[in-house]
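Visitor: Sharing a structure below in structure tokens format, with a few things to ask.
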Amino acid sequence: MQNIFNKIYESKSLNQEESYQLFKSIALGKINEIQLSSILTAMQMHGESEKEILGAIYAFSERMKFFPRPNYIFSDIVGTGGDSKNTINVSTSSAFVAASCGFKIIKHCNKGVSSKSGSSDLLNKFKINLNTSLENSKKILDKLNICFLFAPKYHSVFKYASKTRSILKIKTIFNLLGPFLNPSRPPLTLIGVYKKDLVNPMSRILKKLKYQRGIILHGDDTDEVTLHGTTYISELLNNKIYSYELEPEDFGIKRHSKSIFVEYSPEENYHIIKKTMQGKGEKLHEELIAVNVALLLKIFGHENLKENTKIALKKIRSGDVYKHIMQVSNMLKED
């Protein structure tokens, strides 16, 4: 193991087997906090490679508690976080909109580590019980098209890194692993990444993990589709990878000024999303969520982004999404 440590400290990338062995040791609690802190920092500084990410995924997958895979098509939508922007929680909001439109979503969620508000932080504000039983999660998915799998419930090995990550408060390889470790093993996924250089390597990982269809995206320094610049896409379709760029106009949306960018606290994030889902939000937030939903619907086979955006906006402005959120919350209270 010392040879692996030395390689990392010398800013050399590990091969897949070395990464697998390292993260297997982390999963078994054999790496102490000081070692882990230096490893994660060094890997982040030289940039995590495709082989390092894959090796870590395989190591943690072996110790993951699986969620029974439904016999219908479903997707995840998730951002890596780590873009330091602390914008509203777009992926969770988009998941609710898609579910309200009739699409099945199993969202892998966690607390915010490198951002102010993770998906589970927002869900707790909506009084959505993340400690519900596996059976009840499946029941809600069947009836209301969505369920949430809280990472600590399915990945006991994460506990060995949680303290170190919370102290570091920086993006690490763990930001890149979570999107590929959904316990339901979705055939479809939409993943936003915090830097453009990750788009192509992450799409190759989708292919190696045998996803049916998926999109990796990065939009102007954020892990979501952007309204004020170019969104870079790498899409896995029919076992081939296609790279392209999208502009706001491709969604039928007028470009917004970059000056509108604002950081939000967890409380502000919740109130903005609540208001938006009630159909009383600002145009910026409505459209930001809608374009991300549009891309999510694309991987379900609905290829027209402009039409998808219209569908999402109509659903958001109707207030039906908030009613759907409350249905999920109330059904989970019965557990």
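Cβ coordinates come from backbone N, Cα and C, glycine included.
Look at Swiss-Prot and you will find Gly79, 82-83, Thr87, 89-92, 107-115, Ser119 tagged as 5-phospho-alpha-D-ribose 1-diphosphate binding site, backed by sequence analysis. As annotated by Swiss-Prot, anthranilate 1 binding site applies to Gly79, Asn110. Summarising the annotation, Swiss-Prot assigns Mg(2+) 1 binding site to Ser91, Glu224. The anthranilate 2 binding site feature in Swiss-Prot is assigned to Arg165; the stated evidence is sequence analysis. Summarising the annotation, Swiss-Prot assigns Mg(2+) 2 binding site to Asp223, Glu224.
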Visitor: Filter the binding-site residues Asn110, Arg165, Glu224 down to those whose C-alpha lies within 10 angstroms of the C-alpha of Ser91 (5-phospho-alpha-D-ribose 1-diphosphate binding site); answer none if the list is empty.
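Guide: Candidates kept after distance check: Glu224.
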Visitor: Starting from the Cβ of Asp223 (Mg(2+) 2 binding site), draw a 10 Å sphere and report how many other Cβ atoms land inside it.
Guide: 26
Visitor: Give the distance between the Cα atoms of Gly79 (5-phospho-alpha-D-ribose 1-diphosphate binding site) and Asp223 (Mg(2+) 2 binding site), rounded to the nearest whole Å.
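Guide: Just about 6 Å between their Cα atoms.
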Visitor: Between the Cα atoms of Asn110 (anthranilate 1 binding site) and Asp223 (Mg(2+) 2 binding site), find the distance and write it as a whole number of Å.
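Guide: Cα-Cα, rounded: 16 Å.
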Visitor: Work out the three-state DSSP category of the residue listed as 'anthranilate 2 binding site'.
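Guide: Assignment for the residue listed as 'anthranilate 2 binding site' reads helix.
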Visitor: Under 8 Å between C-beta atoms and at least six apart in sequence, can you list the same-chain neighbours of His108 (5-phospho-alpha-D-ribose 1-diphosphate binding site), or say none if there are none?
Guide: Asp76, Val78, Leu149, Ala151, Gly178, Pro179, Leu181, Asn182, Pro183, Ser184
Visitor: Out of Lys111, Asp223, Glu224, which of these binding-site residues is nearest Arg165 (anthranilate 2 binding site) by C-alpha distance?
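Guide: Spatially nearest to Arg165 (anthranilate 2 binding site) by Cα position is Lys111.
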Visitor: Measure from the CA atom of Asp223 (Mg(2+) 2 binding site) to the CA atom of Thr87 (5-phospho-alpha-D-ribose 1-diphosphate binding site) and give the result in Å, rounded to a whole number.
Guide: 10
Visitor: Roughly how many Å separate the Cα of Lys111 (5-phospho-alpha-D-ribose 1-diphosphate binding site) from that of Asp223 (Mg(2+) 2 binding site), to the nearest whole number?
Guide: 17
Visitor: Where does Ser91 (5-phospho-alpha-D-ribose 1-diphosphate binding site) sit in the DSSP three-state scheme?
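Guide: Going by the DSSP assignment, Ser91 (5-phospho-alpha-D-ribose 1-diphosphate binding site) falls within a helical segment, counted as helix.
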Visitor: Using a 10 Å radius around each Cβ and counting other Cβ atoms from all shown chains, which of the binding-site residues Thr87, Ser91 yields the largest count?
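Guide: The most densely surrounded of these binding-site residues is Ser91.
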Visitor: Other than its own, how many Cβ atoms are within 10 Å of the Cβ belonging to Asn110 (anthranilate 1 binding site)?
Guide: 22
